[in-house]
């Protein structure tokens, strides 16, 4: 008859029991899977791979290098900006000079374009509280390379012994300049290469005035 239940069909109670059993099995599987993942992670943490170690060491060394570079850069910058300027040597000191005069070491120089006799040139320099050029030493050779023509300097020859004397009364030293006799004369012009040339004192020449700053 149609209303008689088929014994092979599962009852509702059996269906619920199967469903509960399936839920329990799924929960147990997920729990085992989670424990497995946790175990794998813990093992990886306990025994890291060589690649992981190498990468970690490389990163640490890179960070250390950057920090060291920043520290040394800061030290160098601080040293450069805070370094005291060296005090100038006395021999290189150059004080104030009059307008249109050239300052070199401890002296001021004026190169005149006027041509005068030796006495006229001397008077012109004295009117400016200076004297005709005097060579103190060959250490000034770089400066006197600028001299390209003949100029009167403060050097005259003493008739009695024919020695050369500067305006201030000091005797010419071989370490200052070398005298070259060109013609009869008791005055001298400066040429170049630390050489002085005898000249007639009445000859017209340009001249160089100088004054010490110290």
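The backbone N, Cα and C atoms fix where each Cβ goes, and this holds for glycine too.
The topological domain 'Cytoplasmic' annotation in Swiss-Prot covers 1-56 and rests on sequence analysis.
The transmembrane segment annotation in Swiss-Prot covers 57-77.
What Swiss-Prot lists as topological domain 'Extracellular' is 78-214.
As annotated by Swiss-Prot, disulfide bond applies to 94-103 (among others), with the evidence given as sequence analysis.
The annotation disulfide bond is assigned in Swiss-Prot to 97-108 (among others) on the grounds of sequence analysis. The secondary structure of residue 97 (disulfide bond), as reduced to three states from DSSP, is coil rather than helix or strand.
Annotation comment: Swiss-Prot describes 98-210 as domain 'C-type lectin', evidence class sequence analysis.
DSSP classifies residue 113 (N-linked glycosylation site) as coil under the three-state reduction. Sequence annotations record features per position, and here Swiss-Prot assigns N-linked glycosylation site to 113 (among others).
Per Swiss-Prot, disulfide bond is recorded for 125-209 (among others). Of all the Cβ atoms in the protein chains shown, 23 others lie within 10 Å of the Cβ of residue 125 (disulfide bond).
Within 10 Å of the C-beta of residue 129 (N-linked glycosylation site) we count 9 further C-beta atoms, all protein chains included. Swiss-Prot lists 129 (among others) with the feature N-linked glycosylation site, giving sequence analysis as the kind of evidence.
Non-local contacts of residue 161 (N-linked glycosylation site) by the CB criterion (under 8 A, 6+ apart in sequence, same chain) are absent. Here Swiss-Prot flags 161 (among others) as N-linked glycosylation site.
Annotation comment: Swiss-Prot describes 184 (among others) as N-linked glycosylation site. Residues within less than 8 Å, Cβ to Cβ, of residue 184 (N-linked glycosylation site) and separated from it by at least 6 positions along the same chain comprise 198, 200.
Positions annotated as disulfide bond by Swiss-Prot, on the basis of sequence analysis: 187-201 (among others). DSSP assigns residue 201 (disulfide bond) to coil in the three-state reduction, outside any helix or strand.
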Next item on the list: Quick one: pull the CA-CA distance for residue 129 (N-linked glycosylation site) versus residue 113 (N-linked glycosylation site), whole Å only.
Entry: 18
Notebook entry, point to check: DSSP says what for the topological domain 'Extracellular' (78-214): how many helix, strand, coil residues?
Noted result: 24 helix, 43 strand, 70 coil
Next item on the list: Could you tally the C-beta atoms, other than its own, that fall within 10 angstroms of the C-beta of residue 113 (N-linked glycosylation site)?
Entry: 6
